[in-house]
Amino acid sequence: MLPKFLSKKDIFQDGKFVQILILSFSFMLLFTAFQTTCFIEQTVLNSVKAEDPNFSGNGYVSLCIIYAVFSLGSWVAPSIVAVIRSKWSMVCSAAIYLLFIVQFTYPATWLLYLTSALLGGAASLLWCAQGNFLTLGSDSKTISRNSGVFWAINQCSLFFGNLFVFFQFHGKTTIDAETRIFVFIVLTVVSACGVGSLFLLRDLKETPSSSLEETKNPSEISLPVEDKPSSAGENNSPTPPPTKTAGLPKSSLTLATDAFFQAIKLFITPYMLLLSLASIYTGWGQCFYFGVYSTSVGATLKFEDPKRLVGLIGIFTGIGEVAGGTVFGLLGSKTTKKGRSPVVFLGLLIHTLCYVLIYLNLPDGSPVGETEDVSVINPPQPWLALLCALFLGFGDACYQTQLFSIFGSVYSDKSAAAFAIFKFTQSAAAAIAFFSSSYIGIFSQMMILLVTAILGFFGIFIVEFDTKRKSKGEEMSSSGMESGESGGGGEDDNTGDKNDNNTKSSPPSIMEKPANNGDTVS
């Protein structure tokens, strides 16, 4: 018998969960190739430099370009998604990922940096469209589950590619051309399969039923929506879209312009600024988990066979990511009963322990280049490096699954803009992190990660605390109105006065403007 959250009635009734599965497996194939490339890029390019003195490409610079363009492109991405919609946005951008991976078979410095810039723009479009598609394929009851399913399946990409690299790099101190070409031809084929599978997606369109505002789960964060009709409290049926969407369809230029300015206005709201603290941390963390840490392990020559250990680092990071995605995603309705902050706090504790262990195990200069130096633990322990990789993945899943769920539920009516801002702050932080990784050591990186992790946690905590307090005030006001209506007759005027007093005395939100009764999106 299937568990309750996988029952056929709940999942396969409208076919949307099938679309989420296709999306998840498509990304798994695409990122099996791309994330494996990120893990081994600097190691491979160092070997290319040894073979070709004219080659001067740098893996950190390449990744810095990717995330810098990613952050800038995030402002344009909602406009493109509004015009060509999420499916075709993902298909077009995934093709650029394929091009980036192909060029590693015969690398050239100019081509490396050109495809890095193209991929940065494609990534902003891909992830904006992914967030929009995930939201359109979910409702308030399924967004946590669907986010977890997507995250867990997508992070399986860390297993297959890195397991392949583990065997291919066995016993090699440098990566020769024959091995490199074979590895990247295989990764190219895998990414091509991911691009092809995206064609199987339906072209989901926004409808009133796709909004996530139908439930009143107290564990869900809610935000005021200024343009929502104030008559929601008068009717239990789903509120229709605003009247401005009625009539003639908008032109492509109008859609693009509206999406751009919506993203600008949304970015400067207090809640979004607070949630951006967590986005910044996950961006800096992604740089470390998927680029710097594996490179640092591979550059620590006191390890036995450090190049082969790079593949295992990716595998154990993937195990942690999938475990976290499974626990906090598939069982999201249970783990978020007390709110999302406890899950994020667990991730903070795990990462804090992990950063201390990494500092003790790896030499300070390992992110910059190969070194014979040692840290506090002499010699460095491979099992401890793998344990830290596991912790990095699990802690990252604690943050990422909760952020995906928050953005998908809070901003269900502005999902493209919200996910674009999420990816803007995340990728901007990653770009800065990759640029600085060529110059700063392990200790400095651990301190930066620890400080941003704490700030990210408090950003989520403040938003959740404030919205819960506001929700309680609205419940008190609503119960007062119901009791007044039951009094009937001549008490109407007095009851109305009491209701006004109740409304005035309810705790106001410290982050957003007060909204009318029922004007929230859960």
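Along the chain as shown, residues are numbered 1 onward.
Cβ from N, Cα, C; glycine included.
TrEMBL labels come from automatic prediction, so no person has curated them.
As recorded in TrEMBL:
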- 20-40: transmembrane segment (TRANSMEM)
- 60-81: transmembrane segment (TRANSMEM)
- 88-106: transmembrane segment (TRANSMEM)
- 112-136: transmembrane segment (TRANSMEM)
- 148-169: transmembrane segment (TRANSMEM)
- 181-201: transmembrane segment (TRANSMEM)
- 210-249: region 'Disordered' (REGION)
- 271-292: transmembrane segment (TRANSMEM)
- 312-331: transmembrane segment (TRANSMEM)
- 343-362: transmembrane segment (TRANSMEM)
- 382-404: transmembrane segment (TRANSMEM)
- 416-436: transmembrane segment (TRANSMEM)
- 442-463: transmembrane segment (TRANSMEM)
- 471-522: region 'Disordered' (REGION)
Selection from 60-81, 88-106, 416-436, the stretch that has most Cβ pairs under 8 A to the transmembrane segment (271-292):
416-436
Under 8 angstroms for C-beta pairs, at least 3 of them, ignoring pairs fewer than 6 apart in sequence. Is the transmembrane segment (382-404) in contact with the transmembrane segment (148-169) by that rule?
yes
Cβ pairs under 8 Å only, please: of the recorded stretches 20-40, 112-136, 181-201, 442-463, which one is richest in them relative to the transmembrane segment (312-331)?
20-40
May I ask whether the transmembrane segment (148-169) has at least three C-beta pairs under 8 Å with the transmembrane segment (416-436), counting pairs 6 or more apart in sequence?
no
Cβ pairs under 8 Å between the transmembrane segment (181-201) and the transmembrane segment (442-463), at least three:
no
Give the nonlocal contacts of the transmembrane segment (112-136) in its own chain as ranges (CB under 8 Å, at least six residues past its ends).
19-20, 23, 27, 45, 57, 61-63, 65-74, 76-78, 80-81, 85-87, 89-90, 92-97, 99-100, 103, 143, 146-147, 150, 201, 204-206, 210, 212, 404, 407-408, 412, 415-416, 418-420, 422-424, 427
Contact yes or no, the transmembrane segment (148-169) and the transmembrane segment (20-40), 3+ Cβ pairs under 8 Å, gap 6+:
yes
Apart from its near flanks, which chain residues at least 6 from the ends of the transmembrane segment (88-106) lie with a Cβ under 8 angstroms of it?
26, 30, 33-34, 37, 41, 44, 77, 80-81, 112, 115-116, 118-119, 121-123, 125-126, 128-130, 133, 180-181, 184-185, 187-188, 191-192, 194-195, 198-199, 201, 203
